[in-house]
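Peer 1: Once you've had a glance at the structure underneath, I'll fire off some questions.
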Amino acid sequence: MSTDDGSKKRGMFARLFGKGGSEPEAPPPAPAQDAQEAEAPQRSWWQRLTGGLARTSQAISQGVADIFTKRKLDALTLDELEDVLLRADLGVGASSRITQAVGKARYDKDIAPEEVRAILASEVEAVLDPVARPFEIDETKKPFIILVVGVNGSGKTTTIAKLASKWTGEGKKVILAAGDTFRAAAVEQLKIWGSRFDSEVVAGKEGADAAGLAFDAINRARETGADILLMDTAGRLQNRAELMAELEKIVRVMKKAEPEAPHAVLLVLDATVGQNALQQVEIFGRVAGVTGLVMTKLDGTARGGILVAIAEAYGLPIHFIGVGEGQDDLEPFTARDFARAIAGLDAEIDAPEPAPES
Ligand SMILES: Nc1nc2c(ncn2[C@@H]2O[C@H](COP(=O)(O)OP(=O)(O)OP(=O)(O)O)[C@@H](O)[C@H]2O)c(=O)[nH]1
């Protein structure tokens, strides 16, 4: 790992747990829950969500306002609307459907930008609703084994820390497996998190075989009666065949320890990579049998519509979204909130009934 990566990770660690400037080696002084409470943000989830999605919603709202203020709804304005939606990465299918729905509502008449945004929200919600699935842990499977995969820097380790913190807070016994065996610092970091959540961390030597580690971690989780095993993996580019073959091997070897393992495979996607995320879903899905998605860094992009394009293309469950680096910035995904947030609506306004066809 480069020094830059190291300081970036330490920065993330400090922000997550309020330990400004702490090195990974520092002894953990306070339980994560206390640190979290001490730092408890005053903002509600809705405020964090709308704040995180502000770049996307501003781009859409501004685009819609520029098109529809004092102009009639016609073929030209509809084309312009479709462009705004495509630029926000909503994808061809959703953008054209939304545009058609808006056209149907008021063709050749004036339409207020707010009405356009309300129609947009209801169309986006319809696409997302079938994929917005809470992440379920099957308690009959003990340990419940979760493999976390994704490209470098997508937010896997952060997501693991946030999930482990949440589940240990709910009284579950969680074991972490430091499958990023290439980076000593990643292993160190998981160990520190583990001590904060009172979770054992199974780690091998630097450069150890990640598949062997997965096998050991499953057995260790069994021996200790853990409820959940969260397995980190090294970041890998989806177009690097040898790294993807290694991931395949991890899954294969896991099945030797537990035929049904992994019970869940979470693909962590960085929203800022745009359309490349679609290819990641395709390839990780094929190699690792992804069961659900976590989309991070929606706060870092004006193209948060990518989530809609992914939902439409793959129909995979979306379990969590990340809208910031803080511990509270990862939340279960809900279609309605997301749709309203990117359309720049507040939570209460409902979409107008479409006008009857003439
Ligand atoms: N703004 C923002 N940053 C995030 C979010 N989630 C993660 N990050 C940051 O993204 C960076 C990379 O996150 P990691 O968790 O280290 O990513 P990783 O996938 O484990 O990376 P590798 O181990 O290199 O593969 C860190 O600086 C995190 O703080 C998010 O939702 N929003």
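Each Cβ is built from the backbone N, Cα and C atoms, and glycine gets one as well.
Pasting the relevant annotations from TrEMBL:
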type     : residues                  : note
BINDING  : 150-157, 232-236, 296-299 : GTP binding site
COMPBIAS : 32-42                     : compositional bias 'Low complexity'
DOMAIN   : 317-330                   : domain 'SRP54-type proteins GTP-binding'
REGION   : 1-42                      : region 'Disordered'
Peer 1: According to DSSP, how is the domain 'SRP54-type proteins GTP-binding' (317-330) divided among helix, strand and coil residues?
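Peer 2: The breakdown for the domain 'SRP54-type proteins GTP-binding' (317-330) reads 0 helix, 6 strand, 8 coil.
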Peer 1: Can you give me the average pLDDT across the domain 'SRP54-type proteins GTP-binding' (317-330), rounded to a whole number?
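Peer 2: Within the domain 'SRP54-type proteins GTP-binding' (317-330), the model's average pLDDT equals 88.
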Peer 1: Taking 10 A as the limit, how many CB atoms besides its own sit near the CB of Gly153 (GTP binding site)?
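Peer 2: For Gly153 (GTP binding site), the 10 Å Cβ neighbour count is 18.
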Peer 1: I need the least crowded one of these binding-site residues (Gly150, Lys156, Thr233, Arg236, Leu298), counting other C-beta atoms within 10 angstroms of each C-beta.
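Peer 2: If we count Cβ atoms within 10 Å for the binding-site residues Gly150, Lys156, Thr233, Arg236, Leu298, the smallest count is at Arg236.
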